[in-house]
């Protein structure tokens with residue numbers, strides 16, 4: 001049975017601000033675009049946390065709910081909530097079946113959370129996941145390195161997603177962009 005997947009999520013911290021962008025394409029199997037305007041980036045915990053997913057849509061919704069519960073349980077402590085989610089995701093027989101990855105961020109931290117138990121904080125304040133993730137990551141790193149005062153975190157996130165959308169067939173130009181200050 002085919003699943004709904006394929007996307008690009010990009011997140012960056014730059015000059016004291018954080019931005020996350022995701023495209024809107026949902027692909028069924030390897031050949032059919034089912035939706036162009038999906039929202040894969042969300043605000044959680046009263047708007048103080050951004051979360052984006054790549055992978056199975058149904059699995060991602062389950063993980064969003066679990067992560068938000070962990071945020072509430074740990075008083076908004078992003079790192080603790082991410083570690084506890086990763087531990088549960090890896091150890092729970094049912095959750096282990098979920099096929100998705102998350103990027104979560106607040107104004108201070110950005111983390112990749114995976115079902116294999118990884119919680120990774122990048123050295124450079126940039127993360128990207130999904131089918132177009134490597135394209136977005138490359139574009140974002142170049143832009144951040146050479147941006148100086150000319151580009152904001154929002155500008156970098158938007159341009160990185162646009163670049164990925166021009167290259168990756170599973171990424172489109174219907175971008176959802178959220179920013180934290």
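The backbone N, Cα and C atoms fix where each Cβ goes, glycine too.
Positions annotated as active site by Swiss-Prot, on the basis of similarity to another entry: 2. The annotation Na(+) binding site is assigned in Swiss-Prot to 165, 168, 171.
This view paints the features noted in Swiss-Prot onto the structure.
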residue	record	CB count, 10 Å
165	Na(+) binding site	22
168	Na(+) binding site	21
171	Na(+) binding site	29
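Other residues of the chain with a Cβ within 8 Å of the Cβ centroid of 165, 168, 171, the Na(+) site, are 8, 23, 25, 131, 132, 135, 136, 161, 164, 166, 167, 169, 170, 172, 173. Mapped onto three states, the DSSP output places residue 165 (Na(+) binding site) in helix.
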